[in-house]
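Here is what TrEMBL says about this protein:
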- 1-24: region 'Disordered' (REGION)
- 45-69: transmembrane segment (TRANSMEM)
- 76-94: transmembrane segment (TRANSMEM)
- 128-149: transmembrane segment (TRANSMEM)
- 169-193: transmembrane segment (TRANSMEM)
- 205-230: transmembrane segment (TRANSMEM)
- 260-280: transmembrane segment (TRANSMEM)
- 313-335: transmembrane segment (TRANSMEM)
Amino acid sequence: MESSAEKQLSPSVSPDVETAQNSPVDPDALKLAEMGYTQDMSRNFSVWSVLGVGFSLTNSWFGISAALITGINSGGPLLIIYGIMLIALISTVIKTWHVFLAYQIANIFCFFFNCYGKTLPTVAQVTLWTSLVSFAIILITVPAVAPTHQHAKFVFATFINNTGWEQGGIAFIVGLVNTNWSFACLDCATHLAEEVHRPEKMVPIAIMGTVAIGFVTSWFFSMAMFFSIVGDFADIGASATGVPILEVFNQALSHKAGAIVLEALIIATGLGCLIASHTWQSRLCWSFARDRGLPAHRWLSKVDKRLDVPLNAHFVSCVIVAIMGCLYLASLTAFNS
């Protein structure tokens, strides 16, 4: 038997949940009744009020300042900066829709970035030097700090076939997708012919320069990374991150923060690549429309005189990119193909 004190301390329990379900109550009270409780408190809080109570108690930035004595003596700035991200995102699991959302955000970002034509030449030069400086930093850092290095035979004479095809020739052709993609879109400069002085000279120089710089950087980068692999080569492809180059950095540096910094340089370079890709595709769509090769060619071939870009063609090409990104939600294989 429960004492009277215990009864007073216990929460109010509905004696007849079924009656509560049949009474004219609001949905929240009904859910409470289904759990065996009655509605005793008034619902006076809005979402902003609840957020106010929740954040006023948590008050993350205040907590950092109030307990700073612990952080500065136990890890310092690095611990605090990365610790905030670690604690806030500790239970985060990257899902398909997260990647899809990031894809669309990047597409929208590049759309707006390419809407003002007068800044694009400067942006192009910045992205070029970002790529070359990032290449130099990684090329020097990774081989220099790697504790061990692979033999020349591994780098220059090791052929690996994990494709499932018995014929090495098929594996070789499939593998060329990687190197071929590295030299893709060489025609990009040709679609900017009307935006450069003396295009008959400058465009060929840009194309051949792209090939020359691409060959030198990619060849030396590949050699440096393969020489710097530490341990079993199979661990690179089986990395939990799904990013083999990040695993190469992590093995060589034995320092996660350092590996992330180097990967950030690659991401910054990739962002420049993405911006240039949108510049190229908008000019491609515009020039094709001007030759009456597309539906609605009159509209697509218009150039916005104020922004100095083929805005309509740029918008349509970005919409197509956004639609193609929807394949990622349906099938990763279809998206990658």
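Keep in mind that glycine also has a Cβ here, set from the backbone N, Cα and C atoms.
TrEMBL annotations: computationally assigned, not manually curated.
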Beyond the flanks of the transmembrane segment (205-230) by at least 6 residues, Cβ under 8 Å: 131-132, 135, 138-139, 142-143, 146-150, 154-155, 179, 182-183, 186-190, 236, 245, 248, 251-252
Long-range Cβ neighbours of the transmembrane segment (260-280) (under 8 Å; 6 or more residues past either end): 106, 110-111, 113-114, 120, 123-124, 126-128, 130-131, 134-135, 137-138, 141-142, 185, 188, 191-192, 243, 245-246, 249, 253, 314, 317-318, 321
Stretch with greatest number of CB pairs under 8 Å, the transmembrane segment (45-69) reference, 76-94, 128-149, 169-193 candidates: 76-94
